[in-house]
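Below is one structure, written out as structure tokens; comments come after it.
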Amino acid sequence: MLYLLSDLSSSFTPLNVFRYITFRTGGALFTAGLFVFWFGPWIISLLRIRQGKGQPIREDGPQTHLLTKRGTPTMGGLMILAGAVVAILLWANPRNHYVWVTLTVTLGFGAIGFYDDYLKVTKQSHKGFSGKFRLALEAVIAMAACVTIAVYSPAALQNQLAFPVFKDALLNLGWFYPLFGAFVIVGAGNSVNMTDGLDGLAIVPVMIACGTFGFIAYLVGNSFTASYLQVNYVRDTGELAVVCGAVIGAGLGFLWFNAPPAQIFMGDTGSLALGGLLGSIAVATKHEIVLAIVGGLFVLEMMSVIIQVASFKLTGKRVFRMAPIHHHFEQKGWKEPQVVIRFWIIAVILAMAGLATLKLR
């Protein structure tokens, strides 16, 4: 909303600062972080009282988890979403359609995750509601978002899939594009969901990916930088940098409480929402393939589950000691902090590789 103050800059010049995306991105980051840090203890106390036993812990997982994680409340994504939404509404341009599409996906996926968490906590079971029904709901939200994005995208880029590295390489997917875009968004949401299994494991790679895509959105949404880098210019997507800034700020605030030993878990409420957000930004900026690089850690986690399930059904044997793959390394003897920090390092390397594609033309 503060962006609207820039309309008064002709009367009071200092208000012109609210036009700058970089200034508002910093403001969103600071606001979201302060919000989560300030209200975090109250939210954690409330969730602990409401949930009692907290998130159910897998009996077949590392035995240390039964001792160190039992009783920890979940639904910490509420903290992240609350801080991010407040900051976005305060600092982002309310006239920007990409902001509203991204918010819709984020809150829609967050609501699905919240209900799933609610069922798990109340039933003290790892099974939420039907996986197929959950995927169907996510697909409907994602499809609606992709159709809206396509409507507002430049005519030359509608229904086009852009390839990194290759200059002007576009593939017209036609009416199949919304399906592809929905696959990206739903896949991103569930991949981040699979990654969220250890203290701090998911939130830092999410912040790294958000920082990367915030930078990409800023460059793609600026005609000068897009022309210089020879990437597709998508007008108005620069505003998504403010959204990414808000998520990073909220993520930093959440990490304060999620650092080991975690006082709260993100839960499906946060992981589905944040993954959906990343997917929708990738679709809006026409960098869907780059998301697979930047978010390669999330892809690895999801693929480990798919491979494990497929292998067991086809051969009766498991490829990994346990899936997702972060538990495989725990079963091999890695300590939880080792797994988490090494996966963070991988996330940084993949983010740098994703950014490198902007320059390779």
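Using the three backbone atoms N, Cα and C, a Cβ is placed for every residue, glycine included.
As written in Swiss-Prot, here are the features:
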- 27-47: transmembrane segment (TRANSMEM)
- 72-92: transmembrane segment (TRANSMEM)
- 99-119: transmembrane segment (TRANSMEM)
- 135-155: transmembrane segment (TRANSMEM)
- 169-189: transmembrane segment (TRANSMEM)
- 200-220: transmembrane segment (TRANSMEM)
- 240-260: transmembrane segment (TRANSMEM)
- 264-284: transmembrane segment (TRANSMEM)
- 289-309: transmembrane segment (TRANSMEM)
- 338-358: transmembrane segment (TRANSMEM)
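Spatially, the transmembrane segment (99-119) is not adjacent to the transmembrane segment (27-47); fewer than three Cβ-Cβ distances between them are under 8 Å for residues at least 6 apart in sequence. Contacts between the transmembrane segment (169-189) and the transmembrane segment (135-155): present, as 3 or more C-beta pairs lie under 8 angstroms, all at sequence separation of six or more. With a cut-off of 8 Å between Cβ atoms, the residues of this chain six or more beyond the transmembrane segment (27-47) that come close are 2, 73-76, 78-80, 82-84, 86-88, 90-92, 242-243, 245-250, 252-254, 256-257, 263-264. Across 72-92, 135-155, 200-220, 338-358, the stretch most heavily in contact with the transmembrane segment (264-284), judged by Cβ pairs under 8 Å, is 72-92. Most Cβ pairs under 8 A with the transmembrane segment (289-309) among the ranges 135-155, 200-220, 240-260, 338-358 are made by 338-358. Listed by sequence, the residues of this chain that lie at least six past the ends of the transmembrane segment (338-358) yet keep a Cβ under 8 A from its Cβ atoms are 164-165, 198-201, 204-205, 208-209, 211-212, 215-216, 219, 229, 231, 260, 290-291, 293-297, 326, 329-330.
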